[in-house]
Amino acid sequence: MCCGGRCCVSMTQCFFDYSTSKVLVIRSKSVGTLNRFCQAVVLAYIIGYVCVLKKGYQDTDTVISSVTTKVKGIALTNTSDLGLRIWDVADYVIPPQEENSFFVLTNLNITPNQTQTRCAENPGPGSTCTSGRDCKRGFHDSRQNGVQTGRCIQFSVTEKTCEVLAWCPLEKGNDPPDPPLLAEAMNFTVLIKNSIRYPKFNFNKRNILPHVNSSYLSQCVFNRTTDPDCPIFRLGDIASEAGEDFQTMAVHGGVMGVQILWDCNLDMPESWCMPTYTFRRLDNKDPDNNVAPGYNIRFAKYYKNGGKESRNLVKGYGIRFEIMVFGKAGKFNIVPTLLNIGAGLALLGLVNVVCDWIVLTFMRNRQQYSQEKYAYVGDFGLLSNEVTEPSGTGFVEDD
Amino acid sequence: MCCGGRCCVSMTQCFFDYSTSKVLVIRSKSVGTLNRFCQAVVLAYIIGYVCVLKKGYQDTDTVISSVTTKVKGIALTNTSDLGLRIWDVADYVIPPQEENSFFVLTNLNITPNQTQTRCAENPGPGSTCTSGRDCKRGFHDSRQNGVQTGRCIQFSVTEKTCEVLAWCPLEKGNDPPDPPLLAEAMNFTVLIKNSIRYPKFNFNKRNILPHVNSSYLSQCVFNRTTDPDCPIFRLGDIASEAGEDFQTMAVHGGVMGVQILWDCNLDMPESWCMPTYTFRRLDNKDPDNNVAPGYNIRFAKYYKNGGKESRNLVKGYGIRFEIMVFGKAGKFNIVPTLLNIGAGLALLGLVNVVCDWIVLTFMRNRQQYSQEKYAYVGDFGLLSNEVTEPSGTGFVEDD
Amino acid sequence: MCCGGRCCVSMTQCFFDYSTSKVLVIRSKSVGTLNRFCQAVVLAYIIGYVCVLKKGYQDTDTVISSVTTKVKGIALTNTSDLGLRIWDVADYVIPPQEENSFFVLTNLNITPNQTQTRCAENPGPGSTCTSGRDCKRGFHDSRQNGVQTGRCIQFSVTEKTCEVLAWCPLEKGNDPPDPPLLAEAMNFTVLIKNSIRYPKFNFNKRNILPHVNSSYLSQCVFNRTTDPDCPIFRLGDIASEAGEDFQTMAVHGGVMGVQILWDCNLDMPESWCMPTYTFRRLDNKDPDNNVAPGYNIRFAKYYKNGGKESRNLVKGYGIRFEIMVFGKAGKFNIVPTLLNIGAGLALLGLVNVVCDWIVLTFMRNRQQYSQEKYAYVGDFGLLSNEVTEPSGTGFVEDD
């Protein structure tokens, strides 16, 4: 943007020069229409899509969130091992707290009163034996429950297996009970407290909305249609909303995602910024590729009676609920606006390229247009258009 | 960018054509000044804002971090249930480890020696009764502590409630002790070890800075002014820096955010890349919307004496500290630089549009300018400016 | 983009005007070559870098993932405290589950049978004493194990220290055993189940690939060359792949990162979207700045015998494995494509600026070119080029 070869001459004079490109106006309906049409398309794209849909005029920020959960409910089980037993939160939520997720025990295989001693390994490759020669002292691998002592003993009346040093009695490789022991977990409720923050806009909100009061909170349960703002969820509802059958899922366990979406347009009133809840099963359950299904954890309760340590081993099947908080907030900001305008203008430039090409290639009087548009100068001075006009293109009329 | 209608003729010749737009230089102080001014504004924006402030010339990467924490300190409590008792880390940090967060027990309601048996439900809707007819055998809901047996028994001398099968004695719905039992938690300290990584730039650093040695680390405590580099924090200080009163917070519990910010300009020396710590309360505490305040967890310690299982149920109020690590690193990169220049140039284009409009609409000799700027060609050959000059606009002088 | 000063006259006519800039074609090999070369460079950059490398034509989304882990393996230890003892998952994974990470105990200092009583504090500043006068009743700080009772008693035959109320016997400040007790942890295996989702493209996948069947899964172990798709990892392999010696790391513990990268080009067949595993040590271990090394947690098992509560305090050194799931998926989308084209065109504009400058400053016939390119108009009518030609620049020939 300088006044060309003359810069050297006088900067000050040059400074006040305003350079604007010379323009050839082609006054032709067809071209004009084409031109305007192209421009309209581009403008429509810029305004309609970039500005309106993508909110290109907004600066955005992603959410920061903090989640705490509180599960409520009790279940009654009746098993040979444990007899009649009540399960409450302290029993079935393991560990008592996690960040952004909680685990609810729904089914279990319990092996009570294990002690560190010797017993017969469960039958299987590497453990079934006929004599001590089949057992290697000190041998163990990840598929075994203990360290072999080298002896071969009766596992049952029919079978002999290697003796192992382990927590005995060993856990049996049983399938989990079906129906699940804690089938009532379906009716447990969880209160999810979620506070979010958009640091860039210093905006804070929580999913317990201002109009929610304690009395409502004490008895409401989330329902997409009737109670969309209640932050208390029935586990069974979460599963069914995700299209899962809770009871089936409870048998082998699984992982559920509780997605909280906070999409906020902060150019609008704050009260419009609301969480929306969606539920999805996160672990795989497609039947034709269902290796290693479900979700379970092993944990033990340790006791000591008379110096001797014993434990109850629990293989706990359950559902882990992961609370995922998403969200983007947008607020008008001049920078992205200008950026998008800039990019838009560049696209408007495209229109001229396209039109020029059409005009100078297809229009009837393209020759004439191009003569007006282009001036030619060679290394040895100006060339008249006529000169550069290729002979033999056979123009009848040539002005 | 081709030489128009002649492309077809000779590509090679065309190839060496350089097309540059013809320019009309308007040598007028007013226009010139306007033009330069607009350009200056745009340039100022591009350079000042995009480049300097937003560092538009840098490629950025977000932080990956790993956090481990270690809490230290002991507290002495004296309660009727437990008598004189010392609390150390293994007692008050539950669970012993979490990812990016830790929970410190500050207050608790303990219900010792619970066993699975029958007792009177706490009074309340659905439990108070006058005779067995008011109690449904096997009935329970999330507000009850157990499963009703169907009998109606004395809860106290005055009240009768339904008998339930539950962990008895039941937890009393008491408010948490105030002042909190573990008020001394205020003086606990936590060592936060944080290693970060910017994968794109293969840059690693940790919050234990190179100049920090073991002896200093063994006795320092973070203080924004005197010890800003010490990664050991006093819980009380964290709360007060966040503008909270630790003792008040400790009663019902809460969630504190420990934010570690790693904003690094990697074009600068590495030693300039330092963590900054800020503290914020994450859970809601605004008085006029304070439903479901604080944070507490229920957990139990299980015992077995003579085959009979019993447990101590603890409703633990406490503060969960969530360590959030943020950060963006920037380093010069040609791509975003060019991108910003491109957008900037597009904006410079705007200037001409604006100036043209002003010149051709408001300037005294706009007629003259536009005659120079525009040439007109219709479908039927070149139109002289005069021809297109509308009659009746009443120009006195017309060159 | 309007027909200048004439807008006012007739909008309709104006509407059909198509304005295209007048162009001066300089037919010169040198300039032409330069021009084409610059354009080539810019185009190469746009196409090669932005489109091919950076896939600028794609819309991108970041991964959402859910991870569950299952550790297998047993270890045998033989210590004076515990005698011969088997460790299985329930013993060495603490807590039984975490989100996106798991902790494996590799080494420990155990302090069995602690009870709440009085004993002599470990020697050290603030605890060693000669008489009761050196001990403050009720005094304690974060470096002490209990609350001083005010008495000064024998710690050993030689030493006297203040008596404290604490969990006695106190934990000894011993170094962790070397070699580590659970050295066999090296051979433990972990099954990492990871399901990912790209919400924007509604694309789900898991790291147990379709072609993996149960029988393979039951016996495979990850190996970068032979079994790259097996999601079962040997802890020892993870360490060695990260360039660490497991046994050394196991002594003081540490933090390992298991990075799962899901970079997917969804314009390609889905089966091409595969996870890649990399392993990195996250905690610092550089020798010259190795303060507070390793990773350990304190936890306790609580027992009650005859009403009296006791506990086994464990200072557990171990390795925490953090599973970090990264990834970006790209799929063709028109918006980013246009955005990049726009920015690219703006850059192409640069080329003309550069060439103009060169042409009008260095070329032999710059004068001539500029005369053709520029027309001058002042406030008082058109200025012929000659007029503005500065006298004294001494041009011999002037056309």
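Glycine residues also receive a Cβ, built from the backbone N, Cα and C atoms like all the rest.
Annotated ATP binding site per TrEMBL: A:Lys70, A:Val71, A:Lys72, A:Thr189, A:Asn296, A:Ile297, A:Arg298, A:Lys315, in sequence order. Cβ environment of A:Arg298 (ATP binding site): A:Leu313, A:Val314, A:Lys315, A:Gly316 lie under 8 Å away, each six or more residues apart in the same chain.
Among the features that TrEMBL reports, disulfide bond is placed at A:Cys119-A:Cys168 (among others). Its Cβ placed at the centre, A:Cys119 (disulfide bond) has 21 other Cβ atoms within 10 Å.
What TrEMBL records for A:Cys129-A:Cys152 (among others) is disulfide bond. Residues within less than 8 Å, Cβ to Cβ, of A:Cys152 (disulfide bond) and separated from it by at least 6 positions along the same chain comprise A:Cys129, A:Thr130, A:Ser131, A:Gly132, A:Asp134, A:Cys135, A:Lys160, A:Thr161, A:Cys162, A:Glu163.
In the structure as shown, the Cβ atom of A:Cys135 (disulfide bond) sits within 10 Å of 23 other Cβ atoms. What TrEMBL lists as disulfide bond is A:Cys135-A:Cys162 (among others).
Taking Cβ-Cβ distances under 8 Å and a sequence separation of 6 or more, the neighbours of A:Asn187 (N-linked glycosylation site) in its chain are A:Gly73, A:Arg234, A:Leu235, A:Gly236. Secondary structure at A:Asn187 (N-linked glycosylation site), as computed by DSSP, is helix. Feature annotation from TrEMBL assigns N-linked glycosylation site to A:Asn187.
In the three-state DSSP scheme, A:Cys220 (disulfide bond) falls into the coil class. In the structure as shown, the Cβ atom of A:Cys220 (disulfide bond) sits within 10 Å of 16 other Cβ atoms. For A:Cys220-A:Cys230 (among others), the entry in TrEMBL reads disulfide bond.
The number of other CB atoms found within 10 A of the CB of A:Cys273 (disulfide bond), across every protein chain shown, is 18. Classification of A:Cys273 (disulfide bond) by DSSP places it in coil, neither helical nor stranded. Marked as disulfide bond by TrEMBL: A:Cys264-A:Cys273 (among others).
Sequence-distant neighbours of the transmembrane segment (A:341-363) (same chain, 6+ residues past either end, Cβ-Cβ under 8 Å): 26, 28, 30-31, 34-35, 38-39, 42-43, 45-46, 50, 369-370, 373. Annotation source TrEMBL lists transmembrane segment at A:341-363.
Of all the disulfide-bonded residues in the list A:Cys168, A:Cys220, A:Cys230, A:Cys264, A:Cys273, the shortest Cα-Cα distance to A:Asn296 (ATP binding site) is found for A:Cys168. Across the structure, A:Cys119 (disulfide bond) and A:Cys273 (disulfide bond) place their CA atoms 62 angstrom apart. Around A:Lys72 (ATP binding site), the C-beta neighbours below 8 angstroms that are at least 6 residues distant in the chain are A:Val89, A:Phe188, A:Thr189, A:Val190, A:Leu191. Contacting chain C by the Cβ rule (under 8 Å between Cβ atoms), the recorded positions A:Lys72, A:Cys119, A:Ile297 reduce to A:Ile297. Chain B comes close to none of the recorded positions A:Val71, A:Cys119, A:Asn296, A:Lys315, judged by a C-beta to C-beta distance under 8 angstroms.
The ATP site in the record is lined by A:Lys70, A:Val71, A:Lys72, A:Thr189, A:Asn296, A:Ile297, A:Arg298, A:Lys315, and its two most distant CA atoms lie 24 Å apart.
Checking each of the binding-site residues A:Lys70, A:Val71, A:Ile297 against A:Cys273 (disulfide bond) by C-alpha distance, the shortest gap belongs to A:Lys70.
Comparing the recorded positions A:Cys230, A:Ile297 on other C-beta atoms within 10 angstroms of each C-beta gives the minimum for A:Cys230.
Taking the Cβ of A:Val71 (ATP binding site) as reference, residues of its chain lying under 8 Å away and at least six apart in sequence are, in sequence order, A:Val89, A:Val93, A:Phe102, A:Val104, A:Phe188, A:Thr189, A:Val190. Checked against A:Cys168 (disulfide bond), the recorded positions A:Lys70, A:Cys220, A:Ile297 differ in C-alpha distance, with A:Ile297 being the nearest. For A:Lys70 (ATP binding site), applying a Cβ distance below 8 Å and a minimum sequence separation of six or more within one chain yields A:Val190, A:Leu191, A:Lys193. Among the recorded positions listed here, namely A:Cys220, A:Cys230, A:Ile297, A:Cys230 has its C-alpha nearest to that of A:Cys264 (disulfide bond).
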